[in-house]
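Here is the structure we will look at, set down as structure tokens.
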Ligand code: AMP
């Protein structure tokens, strides 16, 4: 049976989409409490804007969803569940959902603002990431997912399109789980494949938290190579390759990352490396050390040059 992400604690429920909550007790905010800035992006059911509170000038990203579109898409209950989940996740590598409110036509989600923008865009610009950057992101996503899994929350849709970058260059899982039910069609329109699906989902079998382990294996490959391992011309070929975990590495992918990816891309979900195993993998640790050393060196050089002036 499919393992359902647990709803952690009920919060004010979005039961009556037809009503406005701005006048209700407990509805702390309304759109009038915010100054709305530039658009940050567009999703399937609405747009995201940079915003700040009129009082205190606190920055946030506000996602504006149209009730009519949610209802015609049949996803209003899904949204409610995802809001309940995301609002209880507090982790440095997960976008916080601070609050939400609604009026007659729209629902507003007040989210932590990720100034670095979309991971997908960064990857497109850079084509691929260096080993230290990829390893750092892998550590961060494993840490975030480990936190989620401890709370019985499975993401099920990890891919660069669902990741954002924070103020300090850190990875942030955005839009928690919601994208499972309202898939962004960026990748589908690009190549018509579902590159991150694990073998158990492709075969229509039961799935567990191990789906996220498979997905971060695909992600690590894409970070280092610039495209996912099972990308093929036809969807049927992709699915066949996924079922057998059949893929090849470009020559430049070194032994360390190959070892990690290979241990995650296991057809048998039980054989996949654990999230702890990812965070303690020798390549991840070595790359993090390399990065820290380089940063320390840069800092020393900066201090020395300041002293010399
Ligand atoms: P979504 O509806 O979640 O797919 O969001 C549409 C687009 O808005 C994303 O692709 C991002 O470019 C942008 N966006 C969404 N959430 C945030 C956020 N918290 N911080 C910055 N940009 C965001």
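Please read every residue number as a count from 1 along the shown chain.
Using N, Cα and C of the backbone, Cβ positions are placed for all residues, glycine too.
According to DSSP, residue 157 (active site, proton acceptor) sits in a coil region rather than a helix or strand. Per TrEMBL, active site, proton acceptor is recorded for 157.
The feature ATP binding site is assigned by TrEMBL to 44, 63, 112, 113, 114, 161, 162, 175. DSSP assigns residue 114 (ATP binding site) to coil, not to a helix or a strand. A simple way to gauge crowding: the CB of residue 114 (ATP binding site) has 20 other CB atoms within 10 angstroms, across all the protein chains here.
Other C-beta atoms found within 10 angstroms of the C-beta of residue 159 (SUMO2 cross-link) number 23, with every protein chain shown included. Look at TrEMBL and you will find 159 tagged as SUMO2 cross-link.
For 34-284, the entry in TrEMBL reads domain 'Protein kinase'.
Taking the domain 'Protein kinase' (34-284) as a whole, pLDDT averages 90 in the prediction. Checking the recorded positions 113, 114, 157, 159, 175 for a CB within less than 6 Å of any atom of ligand 1 leaves 113, 114, 175, listed in sequence order. When secondary structure is read from DSSP and collapsed to three states, residue 162 (ATP binding site) falls in the helix class. Of the residues the record lists as binding ATP, namely 44, 63, 112, 113, 114, 161, 162, 175, the two whose Cα atoms sit farthest apart are 19 Å from each other.
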